[in-house]
Amino acid sequence: MAACRALKAVLVDLSGTLHIEDAAVPGAQEALKRLRGASVIIRFVTNTTKESKQDLLERLRKLEFDISEDEIFTSLTAARSLLERKQVRPMLLVDDRALPDFKGIQTSDPNAVVMGLAPEHFHYQILNQAFRLLLDGAPLIAIHKARYYKRKDGLALGPGPFVTALEYATDTKATVVGKPEKTFFLEALRGTGCEPEEAVMIGDDCRDDVGGAQDVGMLGILVKTGKYRASDEEKINPPPYLTCESFPHAVDHILQHLL
């Protein structure tokens with residue numbers, strides 16, 4: 001376990017760490033209140049593409065989480081920023097509930113493909129349209145490439161397998177904007193005044209949450225909720241700084257050993 005260092009910021013994953021769909025992880029609300037009592041900056045970072053930031057915030061508040069909109073950094077935010085920098089017109093393969101986060105982005109006559117988690121759109125006709133755009137030279141932008149995520153009824157395919165299918169079919173490589181990309185974590189820390197070495201990431205995905213954070217110099221805490229499966233902590237090198245049962249246990253460790 002790494003030595004204690006000056007901790008200034010805590011990054012927290014949402015789905016699978018604080019909640020699973022419309023159910024909170026037991027004890028998570030109270031644990032967040034305890035963490036807020038410490039002298040640390042908190043940011044909530046998520047790869048979710050199933051809903052807009054506003055809808056996500058409403059879901060969290062209904063679960064009685066004390067969270068403000070400016071504390072949330074999403075992969076949809078990162079994707080929009082990239083689209084604006086590149087000045088492209090995307091074919092948006094995202095859930096309809098996520099479309100408000102792309103308001104004002106021109107989508108007619110698309111010359112780029114943006115792919116998130118959009119089960120209703122992942123059928124042959126739509127994917128073939130994306131395939132043809134890519135063959136014509138359009139860039140492929142993946143909001144993230146998670147292999148799977150946790151639902152109430154079990155694990156479910158994430159966008160990663162569908163992004164990889166288009167990469168394979170077109171012999172191209174997607175630009176990924178969400179976790180575990182280094183730029184995602186650095187952007188999430190922007191404005192906090194904190195360096196990666198002064199931050200810790202808590203999440204249920206060993207690769208995207210913990211591995212990605214540790215690659216930029218943060219500590220990574222893996223929780224055994226959400227998509228976690230036995231021995232996940234052995235799948236990355238270096239291994240997680242800490243593996244624990246749930247978010248409340250992670251908060252206990254931070255308060256007792258990192259502050």
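Cβ atoms are placed via backbone N, Cα and C, with glycine included.
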*asked:* The substrate site in Swiss-Prot lists Asp13, Leu14, Ser15, Thr46, Asn47. Which one of Lys173, Lys179, Lys182 belongs there according to the record?
replied: Lys179
_For Lys179 (substrate binding site), the one of Asp13, Ser15, Lys50, Asp204 that lies nearest, given that the recorded positions are compared by Cα_ = Asp13
*Could you name the residues, excluding Asp13, Ser15, Asp204, of the same chain that surround the Mg(2+) site, i.e. Cβ within 8 Å of the Cβ centre of those residues, in sequence order?*
Leu14, Gly16, Thr17, Leu18, Thr46, Lys150, Gly203, Asp205, Asp209, Val223, Thr225, Gly226, Lys227
*Expressed to the nearest Å, what is the distance separating Leu14 (substrate binding site) and Lys50 (N6-succinyllysine) at their Cα atoms?*
13
*Tell me, in order along the sequence, which binding-site residues from Asp13, Ser15, Asp204 have their CA within 10 Å of Asn47 (substrate binding site).*
Asp13, Ser15
